[in-house]
Amino acid sequence: YLVLIQLFLGNSCRFIAKPCAINLGIQDSGPHRAQPNAILEKVFTSITKSPDGKRLEGLSKQLDWDVRKIQRWFRQRRNQDKPTTLTKFCESMWRFTFYFSIFFYGIRFLWTAPWFWDTRQCWYNYPFQPLTSRLYYYYILELAFYWSLMFSQFTDIKRKDFLIMFVHHLATIGLITFSYMNNMVRVGTLVLCLHDASDFLLEAAKLANYAKYQRLCDAFFMLFGVVFIVTRLGIYPFWILNTTLFESWELIGPYPSWWLFNGLLVTLQVLHVIWSYLIIRTAYKALVRGKVSKDDRSDVESSSEEEDVTSNSTKGIFSTSSNGSNRLNGHVAAGQWTGE
């Protein structure tokens with residue numbers, strides 16, 4: 001299934017996402033490229049991508065360049081390795097397709113499941129609960145998808161939230177595998193469906209941003225923020241954690257793996273709080289200041305103070321500076337919030 005996910009990624013980008021991006025006028029162009037310089041290129045590739053003050057002064061004397069000009073060159077050189085808008089649009093489209101499809105598949109499946117309406121049903125007759133084919137495919141597809149995210153995280157651009165995303169993917173894969181092996185698939189389906197509820201809205205917002213539909217982008221982002229906070233800070237602790245912590249203890253007692261299972265679920269809740277804080281902070285800046293000055297997790301750097309001013313004057317929740325926008329894999333874009 002992991003191979004199928006990767007094939008789906010490649011084919012959807014090539015035959016669906018790319019033609020759509022071209023029709024929307026999205027060009028395959030990245031940030032401004034640094035001017036060729038053999039000395040700086042050698043330092044960049046062999047020594048450091050972010051030289052300190054002492055090295056900058058030495059390069060300034062060697063090249064007879066101003067220090068600010070050298071700093072600008074290194075920023076541009078780092079940025080030119082970032083993915084283009086077309087690449088990011090294709091990545092967001094295949095993610096949107098998967099999240100949208102798997103979420104509504106889960107809703108359709110769970111709508112007729114008794115434990116969707118009464119979480120105590122997750123523990124009746126445990127562990128002697130049948131594993132239907134629909135439930136099996138739902139679980140395996142989700143597991144394969146998160147494994148693909150885990151692998152791609154090491155090849156994509158590293159972000160400041162790399163550790164948080166790594167812990168999230170690790171906890172998610174651990175939960176899916178652990179719950180499957182222990183036949184806790186009923187409560188597992190609830191967790192999976194709940195987490196998929198907001199993800200496709202975030203990808204839709206990014207697609208609108210790349211296509212320069214700003215109002216649509218802002219609307220999707222605000223809707224994403226509301227759904228994310230309601231599901232992760234409301235429904236998840238009072239619905240999911242309530243049944244795993246208290247109802248399971250009452251109905252089947254403290255089984256041996258109870259502490260590990262709930263420990264992983266609580267870890268996810270801690271990550272939910274962190275991400276909700278970032279979303280609320282971004283929304284606050286957008287509403288109060290009318291702009292988002294800079295996202296702390298941005299992977300694209302401003303090449304000068306003048307470009308920073310230009311970027312900061314751009315309005316809208318997903319306003320993008322002139323030197324690029326969000327990363328290939330994750331939740332936050334340059335000058336904007338991206339997700340989970």
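Note: Cβ is positioned from N, Cα and C throughout, glycine not excepted.
Predicted automatically and left uncurated, TrEMBL annotations should be read as such.
Here's what TrEMBL has on this protein:
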DNA_BIND  42-85  DNA-binding region
COMPBIAS  314-328  compositional bias 'Polar residues'
DOMAIN    40-84  domain 'Homeobox'
DOMAIN    87-288  domain 'TLC'
REGION    298-340  region 'Disordered'
TRANSMEM  96-116  transmembrane segment
TRANSMEM  136-155  transmembrane segment
TRANSMEM  162-181  transmembrane segment
TRANSMEM  220-239  transmembrane segment
TRANSMEM  259-280  transmembrane segment
Test the contact criterion for the transmembrane segment (220-239) and the transmembrane segment (259-280): 3 or more CB pairs under 8 Å, pairs 6 or more apart in sequence, then answer yes or no.
-> yes
Give, as a single whole number between 0 and 100, the mean pLDDT over the domain 'TLC' (87-288).
-> 87
What does DSSP give as the helix, strand and coil breakdown of the domain 'Homeobox' (40-84)?
-> 31 helix, 0 strand, 14 coil
